[in-house]
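For reference, Swiss-Prot has these:
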DOMAIN    5-242  domain 'ABC transporter 1'
BINDING   Gly37, Glu38, Asn39, Gly40, Ser41, Gly42, Lys43, Ser44  ATP binding site
DOMAIN    259-504  domain 'ABC transporter 2'
Amino acid sequence: MVPLLKMTNIVKCFGTVKALDGVNIQLQQGEILSLCGENGSGKSTLMKVLCGIYPHGDFEGEIVFDGQVVEVKTIAETEALGIAIIHQELTLVKELSVLENLFLGAEIETFGVLDFDRMHAEAVKLLKKVKLDVPPDTRVGDLGVGQQQLIEIAKALSKNARLLVLDEPTAPLTESETDILLELVNDLREEGVSCIYISHKLNEVKAISDQICVIRDGQHIGTRDAKSMTTDDIITMMVGREMKQLFPREEHDIGDIVLEVKNISAWSKANSHIRKVDDVSFVLRKGEILGVSGLVGAGRTELMECLFGCYQGRYSGEVYLQGQKLTLQSCHDALDAGIAMVPEDRKRHGIIPIMSVGENITLASLTAFTQSGVLNDVKEASAISESIKALTVKTPNADLAIKHLSGGNQQKAILARFLLVNPTVLILDEPTRGIDVGAKYEIYKLMFQLVKQGISVIMVSSELPEVLGISDRVLVMHEGKIKGDLINDNLSQEQIMDCALSEKVTA
């Protein structure tokens, strides 16, 4: 059988650096191929080659699609072949309707006039195909991320896509939205649509794939039948070594209470009658990792924003750090007191993309390198160099714009920023979201190094295995309330979910 897609000996260089070094992949019609690898392994570069972002002539190797050698130079040419890529960062126009987004740039006309009746009828068919029950005139900005993801797929199908490339499609989705998306991908496979699926969530990769291809350091490590591979097999191929334990727990001492939170309530920014956090109280001890678990919408991020002084709505309650009552009206108040927070969305709230790695690292501690209003460049450069070395931030140099780093290295740079302020309490909101398994492991090890130094860590995570693998104690939140405060003594995922959905409060 002739493969639908065959990419042979693909080489792509940036200067003297080989981002891709002789990569080969192929897939059949109606097949799902998952592409796995650490951040910076070359997955995205390979897909940019396939989709015309890096045009023919800008790389070496051959691409054959449906039996024909193709030499595309634009994304439009790729789409005309039937290849569509859906990026992690969605490209929809939020102010336009669903219908307008579906046909943007490909409007249906009759005698030179836009035919809205035909577009409406086609939109209804496309939305039905992706199992999205919304009116075509709905404003896209009013829909959830999961629904917007389905609109992107519908848009690709409107162009008769035969091959979908999905780049981290479930990273921002809830569990139920993820189930809907995976079911749709399976349905499309049955209809003969092929898919290249890129994800760090190896349980999804195992569940949905026919074949799994692993790339490491720009090289093709291997492609194997998904049914024959375990998660450990995938990880070993990705990182080049066997990882005996994904969560590297280390013994550490837990001391006296360092943070005390009393009766925190926070009201919705959009509706002042709705409580997002409802009368929450808890304590945190020195050298403790406190996991905060709960379903999406439980109020976890809002609670952390209150503790960091950056919640945009109205909130009340008391926070005591080492016995002293704090006034937290801004991030500056929190940082001055000794509370630092690595935010949930690093791209929107964590990094300044056009600034250098070094500038991002020292952003919160510039006063430490300033004397009489003048910045001491030598002192700052020394601190940057030490931070990059201590957190193993992989960057050619500190002057590179941080947007060019992988997600894991961006996250480590943000961590470096807040460690420079010498915090007593470090809040990590979804610290490993969207980063690969190797970078996750490094961040877990760093967390244990920090608590050994006496720093107390609050970790918010939607990944229950992560919460159970790292935390000393777990707070379980549901609908703004704490439903459980549990010592992590062989806790199970079922116990946490039962606690979240139970009417009782568990301690």
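From the backbone N, Cα and C atoms, a Cβ is placed for every residue, glycine too.
Worth saying up front: this structure is predicted, and the values here are computed from it rather than measured.
Feature annotations (Swiss-Prot) mapped to structure.
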| residue | record | Cβ neighbours (10 Å) |
| --- | --- | --- |
| Gly37 | ATP binding site | 28 |
| Glu38 | ATP binding site | 24 |
| Asn39 | ATP binding site | 21 |
| Gly40 | ATP binding site | 21 |
| Ser41 | ATP binding site | 25 |
| Gly42 | ATP binding site | 24 |
| Lys43 | ATP binding site | 24 |
| Ser44 | ATP binding site | 20 |
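Summarised as a single figure, the pLDDT of the domain 'ABC transporter 2' (259-504) averages 90.
In this structure, Lys43 (ATP binding site) is part of a helix by DSSP.
Same-chain residues that are not part of Gly37, Glu38, Asn39, Gly40, Ser41, Gly42, Lys43, Ser44 yet have a Cβ within 8 Å of the Cβ center of the ATP site turn out to be Thr45, Ile215, Ser406, Asp436.
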